[in-house]
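Some features that TrEMBL has for this protein:
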type	residues	note
TRANSMEM	23-43	transmembrane segment
TRANSMEM	55-75	transmembrane segment
TRANSMEM	81-101	transmembrane segment
TRANSMEM	108-132	transmembrane segment
TRANSMEM	173-191	transmembrane segment
TRANSMEM	196-214	transmembrane segment
DOMAIN	204-348	domain 'O-antigen ligase-related'
TRANSMEM	220-237	transmembrane segment
TRANSMEM	246-266	transmembrane segment
TRANSMEM	340-357	transmembrane segment
TRANSMEM	369-386	transmembrane segment
Amino acid sequence: MRDGYVLVALFSLWNGDGMRDLLSWWGFGAVSLLLLAGAVVLLRQERRRARTLLVSWRAVPIAAFIALCLVSTSWSDYPALTIVGCLIQIATATVGVAICLARPPVRLAVLFAIVLQATLGISVLFEIGVALSPGGQILPLWTNYSANVPGAYYWSNGLIFQGGRIQGFTANANLLCFQALLAAVVTASLAQARLLAVRLLVPALLLDALVLVLSRSATVIIAGGVVVVAALVIAGLRRFGPGGRAALLGASVLFVALVGVGSSRISEPFLRLLGKGDDFTGRLEIWRLVGGLVKDEPILGWGWISYWAPWVHPFNGLVVRDGVQYLQAHNAYLDVQMQLGIPGLFALVAVIGSAVYRALRLALTARPLAVLPLLLLAALLTQAIAESRLLIEGNWALLVALSVALPLPRHRADVLVEERPRTLSAG
């Protein structure tokens, strides 16, 4: 029963756009309310563990961030929408915490892998079906668009046989590509911990690679590189004592700095190879416009709203490209600074710093899947440079989980693993 709840919750959190295209906003809202109700039931059933979690120091950064979102109602330019945004933020965090309490962490990793791999498989079949359909494209169901609909509004443009980027069930090529990266990370981690049979690992990784190629996102490729570097650094840190670890960390920081400087010389041909412009698909212009809003309200920001409401000032008509109005800053850190000012940026840094610190400490242990939280954070935080998804839906729920609920505050010698499931196999 709990496995079923976790599977449905994870699928809904990570496929919000696809769910809305399939069920409409009203249908998605109904599913969300059911998931929230299930989360409340789980928290009541696990009230002792939930209380221990929520009153621990681990919860302080996330609680402070959410509290700041709520307090921003007092100076918000759109107080009603700030309240709505805060409620959505709290509801998503509640589901994220409930998921962590529903099953042991190792089992959650298995369920997460199942959801991600299922999403990729469904997406490939979905794209094939759309491409072979009479229209060759599909709009969101329950909508009635006028003529000359921008390509970005389509659920899928059916380009799988034309060499174009696929959007999959997720309805967004960048988000689908990111799920493929997460699927590869989680699946490989399960295999490394001997929790996944090799005969399942190979086809799973082939599917991940296929979707990465078909959806090809420059941001995700960079995030994948960061994940690989993080894994190599952890492997090195495990081999050295405290002195050697400090030297390796210093060398790693220097390497990242050199790569950052060198990347400016190769970014243009790299982006051209992926079909991107040298303005990062308009992101430089978006950042400039949002930077203007930051200058207008530099201290406390405009007030929390999460994803922007297109009908309210100052977001109405702020960023429009090819007939599509953008509803995010395409940078989670800039988005937070614009909405919550300097205090919000510090609060987000505290959340991230707390999570990274504990994930790094955990990664240096010999526990099963010990490195996985750090690799997931590496992917999340890198994507957040070019997308604001860190603040909503699956990304936000995962950040809450990694910040608050993992590792669970249980027996000191068994922080990560409460039970060791049998190796997944085909039989």
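Any Cβ shown, glycine's included, is placed from N, Cα and C.
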Grab the same-chain neighbours of the transmembrane segment (196-214) for me: Cβ-Cβ under 8 Å, and only residues 6 or more beyond its ends, written as numbers and ranges.
113, 117, 120-121, 123-124, 127, 160, 165-166, 168, 176-177, 179-181, 183-184, 187-188, 190, 220, 224, 423-426
Considering the transmembrane segment (173-191), which listed stretch of 55-75, 81-101, 108-132, 369-386 counts the most C-beta pairs under 8 Å:
108-132
The transmembrane segment (369-386): which same-chain residues, six or more beyond its ends, come within Cβ distance under 8 Å?
105-106, 109, 178, 181-182, 185-186, 189-190, 193, 195, 219-220, 222-224, 226-227, 230-231, 234, 280, 283, 330-333, 352, 355-356, 358-360, 362-363, 395, 398-399, 402, 406, 416-417
So, do the transmembrane segment (55-75) and the transmembrane segment (108-132) meet, by the test of 3 or more Cβ pairs under 8 Å (sequence gap 6 or more)?
no
Across the domain 'O-antigen ligase-related' (204-348), what is the average pLDDT of the model, as a whole number?
83
Same chain, outside the transmembrane segment (108-132) by at least 6, Cβ under 8 Å from its Cβ: which residues?
3, 6-7, 10-11, 14-15, 99-100, 102, 138, 155-156, 158-162, 166-170, 176, 179-180, 182-183, 186-187, 189-190, 195-196, 204, 207-208, 210-211, 214, 369, 372, 421, 424
